[in-house]
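Report on the structure given below.
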Amino acid sequence: MPLWRRTMSAGVPVLPGRDLPPQPFGAGWPAYWRQDAACRDGDPDAFFPPDGRNTKARAAAESRARKICSECPVQRPCLATAIFRQEEHGVWGGLTSDERSSVVPRGRLSAEDALLFADRLLLPSSASIAG
């Protein structure tokens, strides 16, 4: 059984040694956003497909996860948390680890920078800024 699965908290995977303070992004954020996560009672395999799954099955699982994330009230803090903690696995805030790592620079980011990246990644593709 994977380590992350043994350390689940309220139905949302938490990796050992990588937890955040209750208010990492300031007083405006829910202290425990995971309690409001749409994935809380869902199948963790959709968000963390087991290694060795074929590409088609993995894509289907990630698609299910994205659908749940798209309707989640805490998508922004979820994605910002994954960016801040440099999560290397799973779908967080609707993005896979590959998607996050392709646009977020390596190295430690502040919580504020993690939020800025989350905001940029969650902007609808139609909301482009002319430059």
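Heads up, the Cβ atoms here are built off N, Cα and C, so glycines get one too.
Annotated in TrEMBL:
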DOMAIN    38-102  domain '4Fe-4S Wbl-type'
BINDING   C39, C69, C72, C78  [4Fe-4S] cluster binding site
Fewest-neighbour residue among binding-site residues, criterion Cβ within 10 Å, set C72, C78:
C72
Averaging the per-residue pLDDT over the domain '4Fe-4S Wbl-type' (38-102), what integer do you get?
88
Compute the mean position of the Cβ atoms of C39, C69, C72, C78, which form the recorded [4Fe-4S] cluster site, and then list in sequence order the other residues of that chain whose Cβ is within 8 Å of it.
A37, A38, A65, I68, V74, Q75, W92, G93, G94
DSSP-derived helix, strand and coil totals, residue by residue, for the domain '4Fe-4S Wbl-type' (38-102):
37 helix, 2 strand, 26 coil
